[in-house]
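Novice: Got a structure for you, written out below as structure tokens; questions coming shortly.
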Amino acid sequence: MNDRSQDIESNRTIVKLLLVKDKTYYVKSSRRKKCEKRDLGDKFIAPDGGWGWLVATASGVSLLVTVAITQQFGLIFRDYMITLGITSSQLTTIINVQIAASSFSGLGRGLTLSASSLAVNTYFKKKRCTATAYQFGVSGIGPICLPYLTTYLLECYGVKGTVLLFAGFALNSIPCSLVYQPVKWHIKRTFVNTELKETIERATLVLSRARNNCFRSCPSLPMISYKNSANGADKLAVESDLQSLKNSKSNYKKAFTTSLPHITKGKTIAQTVGKLKEKRDEKKPWHSVYYRKIIAFFDLDLLRDFSYVNLAVGLTLIKFVEVNFTILTPFILADFGFANSEIAIAMSSLGISDLIIRFLIPVITAKMNYNNKTFVIGGVLGMCLGRAILSFTHNFYVMLTIFLWFGLNRAFRLVFWCLIIPAHVPLKRLPAASGLQLLMTGLFSFAFGPLIGLIRDNTSYAVTLNCLNALCLLAILLWMLEDVVRRFKLKKKSKLKSVMDTLQ
């Protein structure tokens, strides 16, 4: 009976070894996937609600307090810049150097904008448009109230005191960032159950393969029942089965050895491929290896995607125009002869119109089948039309109507502008895609920002506004050309396919 116990224990050890090997490979694979923080997996299901609404709210508040001083830059520093004798070219250089620094390294505002956008896009998939509208709806409260607050603070505390208060106001982004919890803490149960189900199915498959391969190779292998083996009536039967088991022991081990490579095939292939890659990298120069690592780390392969590059270039041009126009608005209106109180009313009216439309966008676009780029183009064209009219008017009520129109179109431009890149790339590549787009914005602002000031110094703000419109029209033209080329290629491909089908 000691021999029988040893054989049984040997067989159990073999099966346990098989399970341990496969389980170890699965656990290592799972840990490897978890280490890739950017990749939540193909089977990730966004919460689309729950804690995500708090994330959208906190993101909106964070944007409100962080971008506040940028939105009120003109009101705060207009008279102060005149006192210092700073020209328009120097002013635009200051503005765009700040934008470039923020885009290059994430100083302050750049880091907040990127984190807020990624957080909302991670928590929402189906309701992403609604969440983004809600996010920017909360941040849209700033342009309504802040112009009056800025005017009051300037009268009470001056420029330096107002800037200090806005700095303290911006510190509220720190508690807002604490709401950005990892999305895995709030995922739906189905995501967890899917992994558990796969683990169980894999373990069951391993046991089934091991048993089938062993008994297929050893047809003489007996099936032993251990329930009644202690009874005297079954003693002779058990001893007979034990003798047969001893004779087939070598065949059993051979069958297991044969089945093991098939079961651990995936692991063997992965190890082989990894070793081949290491050998291949060793043969290449060190600078080539590091070059490839840099490309992989920053996901520079996105630059091979012409559609992404075209989208990023267009968004860079549009953002450059909108940021410069927003900051220069008080200077433009003051140059047209409007008082500070009238400028504050106009900017507040823009904020009210913008805020209302942001919250209504999910309702307005619910039954529209247009893509995000189409809505952005519509908003940008509306802004261009308003700037063109503004360059020829000096009437307060006409100007007020134009700014209400600006708010309507700005809401569509801003909400859907933030959805273009997330809709084009998968979630795991979104940080890299957003980072590259920010880099383009920084480079363009740094290179062409002073040019806007030079145009103003040599012409007028009316000409400057129409130059800004020209950049927006250039971005729209690039997008439309790509759509035309893509449709032409698809049409040509369909015709070729129909001809091939006819010949067959």
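The backbone N, Cα and C atoms fix where each Cβ goes, glycine too.
From TrEMBL, here are the annotated features:
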TRANSMEM  50-69  transmembrane segment
TRANSMEM  131-149  transmembrane segment
TRANSMEM  161-180  transmembrane segment
TRANSMEM  308-331  transmembrane segment
TRANSMEM  343-361  transmembrane segment
TRANSMEM  396-420  transmembrane segment
TRANSMEM  432-455  transmembrane segment
TRANSMEM  461-481  transmembrane segment
Novice: Which one of these stretches, 131-149, 161-180, 396-420, 461-481, has the most C-beta pairs shorter than 8 Å to the transmembrane segment (432-455)?
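Specialist: Top-ranked stretch among 131-149, 161-180, 396-420, 461-481: 461-481.
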Novice: Counting only CB pairs under 8 A, let me know which of 50-69, 161-180, 308-331, 461-481 has the most with the transmembrane segment (396-420).
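Specialist: Checked against 50-69, 161-180, 308-331, 461-481; highest Cβ contact count belongs to 308-331.
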Novice: Does the transmembrane segment (343-361) come near the transmembrane segment (131-149), with 3+ Cβ pairs under 8 Å (pairs 6 or more apart)?
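Specialist: The transmembrane segment (131-149) and the transmembrane segment (343-361): touching, yes.
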Novice: Which stretch from 50-69, 131-149, 161-180, 308-331 shares the most C-beta pairs under 8 Å with the transmembrane segment (461-481)?
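Specialist: Most Cβ pairs under 8 Å with the transmembrane segment (461-481) come from 308-331.
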Novice: Could you check whether the transmembrane segment (50-69) and the transmembrane segment (308-331) come into contact, where contact means at least 3 Cβ pairs under 8 Å with the two residues of each pair 6 or more apart in sequence?
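Specialist: When sequence-distant Cβ pairs are counted, the transmembrane segment (308-331) does not touch the transmembrane segment (50-69), since fewer than 3 lie under 8 Å.
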